[in-house]
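Colleague: As annotated in TrEMBL:
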- 1-21: signal peptide (SIGNAL)
- 23-138: domain 'Ig-like' (DOMAIN)
- 154-231: domain 'Ig-like' (DOMAIN)
- 238-328: domain 'Ig-like' (DOMAIN)
- 343-365: transmembrane segment (TRANSMEM)
- 384-396: compositional bias 'Basic and acidic residues' (COMPBIAS)
- 384-403: region 'Disordered' (REGION)
Amino acid sequence: MNGRRLFSSGLALSLIFCCCASPVSLGDVSITKGPPATQTVKEQSGLQLPCNYQLPAGYRQSSSVILRWRKDNKTLRQAELGQASSTTSEPQLESMLREDARLTLNKQSGALLFASVLASDAGKYQCQLLVEGEMAASSSSGLLEVIEQLKFVPQPTSKNLELGSYSKVHCKAQGTPPPQVKWMRETQLPLPTNVTDQNGTLIFSQVSNDQRGQYTCFASNSQGQISATVSIGVVVAPKFSVPPEGPIETTEQGTVVMHCQAIGEPKPTIQWDKDLAYLNENNTDGERFTLMENGTVEIRNVQAEDEGRYGCTIGSSAGLKRAEVLLVVKSAKSASNSIVTRIIIVIICLAFLYFVLVLGLKVWYRYRRHLGKVQLEDATHAPTCDGHEHAEHEPCLTEANNSSKNLKSNKLRESPILEQESQVADEIV
């Protein structure tokens, strides 16, 4: 019995000793090689940042180990190590946390791979091993410097400038070190009048025809020199010389002519549309529709379905403009009713004018008759001169008395005539 107890105790101690002889501690999880302290590469070249790590086999049986790359203290890339890892000998690659097909992480070696380096990749990089419940094992930070390739951003393009306008043409370049940018005209000719170069921007204070031509932008630094040539054209924006006017009303089976003419440089084209659908020989009735070269549209034997909004678009490399006109098609019956209505309105207006005329004549004749009576009464009561009856008062004007008598006799003769005229006006009314 004692022997068995001693054997059991020795076996237990042996198991404890074996277990304690090979402990798995955090000190066995480490980064043996990280990115270099400083590394300089050219833009668009390939790059591999190393991250050699040490991870005991015991941790590989767990899925709580994460390999992570950081840039400027922000997570750039991470991958799970352990049971999720593949057992094949091929390098294991993972996708980026942010979409970027240029960057991949090799889970087996821990390296961060760049298919093509960009200027935006410059910064501080660090790789880490994170074990759940333990402190992270981190490499020292490495600074990546990128020599930016000399290039235009964006590439200068040709432009059409409107005559008499104030315009700009830009040319921007990037590179390490920052490049100098300047403009020249054609084959090293100086810039024309009213054109200046301000830090790579061509400024046209007043565009004129003599400024059209080829202009070249040069950018240079220690890497060398690049150039881009653009063509500057001078145009006149299209304008309507004869715009379509409306609305236009017509009857069925009638004829409609719509005009549209334009001016500009280069000469603008003219295109008609109906309800925003362009008109051409394929979608119009050739026997009824005529699209003339000068921009005029003629529609013969108009139908009800021809009603709608017709638009005229003028355009060239200098721009586009559009104007539209409404075409209203009335049926023959409605047109006949409209004519009858107009005739009735004209008759009513004429009758009203006739009534006003007659009423005015009546008032006028009554006014004349009243005026004649007043003058007749004044003549009847006028004073007379006979002997010395008024000698002590006022002198007697013989001529005035004679005029009064004549007026009285005239009024007596006109009185019957006025009465007759008044009776005639009454009968007319």
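Residue numbering: from 1, along the chain as shown.
Each residue, glycine too, has its Cβ placed from N, Cα and C.
Those TrEMBL annotations? Automatic predictions, nothing curated.
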Colleague: Of the residues in the domain 'Ig-like' (154-231), how many are helix, strand and coil by DSSP?
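Modeller: Across the domain 'Ig-like' (154-231), DSSP assigns the residues as follows: 3 helix, 42 strand, 33 coil.
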Colleague: Would you mind splitting the domain 'Ig-like' (238-328) into helix, strand and coil residue counts from DSSP?
Modeller: 3 helix, 50 strand, 38 coil
Colleague: If I take every residue in the domain 'Ig-like' (23-138) and average their pLDDT values, what number comes out?
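Modeller: Overall, the domain 'Ig-like' (23-138) comes to a mean pLDDT of 80.
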